[in-house]
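What Swiss-Prot lists as S-palmitoyl cysteine is CYS3, CYS351. Under the heading domain 'G-alpha', Swiss-Prot lists 32-354. Residues or ranges marked as region 'G1 motif' in Swiss-Prot: 35-48. Annotated region 'G2 motif' per Swiss-Prot: 174-182, in sequence order. What Swiss-Prot lists as ADP-ribosylarginine is ARG179, and the listing cites similarity to another entry. Here Swiss-Prot flags 197-206 as region 'G3 motif', drawing on sequence analysis. According to Swiss-Prot, the feature 5-glutamyl histamine maps to GLN205, an assignment based on similarity to another entry. Annotation source Swiss-Prot lists region 'G4 motif' at 266-273. Residues or ranges marked as region 'G5 motif' by Swiss-Prot on the basis of sequence analysis: 324-329. Annotation comment: Swiss-Prot describes CYS351 as ADP-ribosylcysteine.
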Amino acid sequence: MGCTLSAEERAALERSKAIEKNLKEDGISAAKDVKLLLLGAGESGKSTIVKQMKIIHEDGFSGEDVKQYKPVVYSNTIQSLAAIVRAMDTLGIEYGDKERKADAKMVCDVVSRMEDTEPFSAELLSAMMRLWGDSGIQECFNRSREYQLNDSAKYYLDSLDRIGAADYQPTEQDILRTRVKTTGIVETHFTFKNLHFRLFDVGGQRSERKKWIHCFEDVTAIIFCVALSGYDQVLHEDETTNRMHESLMLFDSICNNKFFIDTSIILFLNKKDLFGEKIKKSPLTICFPEYTGPNTYEDAAAYIQAQFESKNRSPNKEIYCHMTCATDTNNIQVVFDAVTDIIIANNLRGCGLY
């Protein structure tokens, strides 16, 4: 793979540089300005939290946003199916009906021609629906922890008839579930409870991390996102490293970093919905061999929370933990309300007023 940047990546890089320049120049101007840093490993749900802030604290998605997300939904949907098709070979799973091989070829051809952002033709849509209904494909989908698959694969593939309709327009939930890798730093502004928030979403993949630390010394609080459901999966960028272990290592390095000694840390144990389903079938010992408790949502989630809290080496630093589902607007609204109250209390305490 060459080093040529796409127009989109160049734009992201320019935007990132501009934000970094502004960060260096301005510092927090007053207690009413809240600078929040959103951190976490890749695919922990950070960008979904940003989209929720747009829904909750701004005016939601504009007509232009909807238009821009439409090709992303098409791409996420067909790329998810193509990933399952490729895994059929890798895992040696047979199709329920051998005729599905022709459908699989059609899907992979569209992806290889980079036509994955186009609306589905009637022929392609039928092929995709037949594939998704195939017993072999379903068996392969159920083994998705053994390969890399978008968390929203089932959501989109269950909605093929709706997404494939000629008059399709993405819904709020469709947009929330889109997956686009974040490169560089993305800044979002909004006002809530008389506070002016500046929320910074930073790319989570390893290659992005060196861009983080230097410009965020004066941050008010860090929201650290963890995908609870990653306990039985490996990383995209390193298929020997467990995702939960990576998150724990990253949390350790952020929590105990000299830049963040006095910074409040809010831990979002995210994707609780996926975790609740997964823990019934996939034991926590995959990630934590020493775990002896029951494989129930409550016990396993509490154990994971304790693992993160144990990384905090500062007796004066409190970790504020919330179980979240970033695609659930009501859940994020309630949690963010609580987070804001923590920030206000800490601000008052800092001024000697609390």
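Cβ coordinates are placed from backbone N, Cα and C, and glycine is handled just like the others.
Long-range Cβ contacts of the residue listed as 'ADP-ribosylarginine' within its own chain (separation 6+, distance under 8 Å): GLU43, ASN76, ASN150, ASP151, SER152.
In the three-state DSSP reading, the residue listed as 'ADP-ribosylarginine' counts as coil. DSSP states for the region 'G1 motif' (35-48), grouped as helix (H, G, I), strand (E, B) and coil, give 3 helix, 6 strand, 5 coil. Mapped onto DSSP classes, the region 'G4 motif' (266-273) shows 2 helix, 5 strand, 1 coil.
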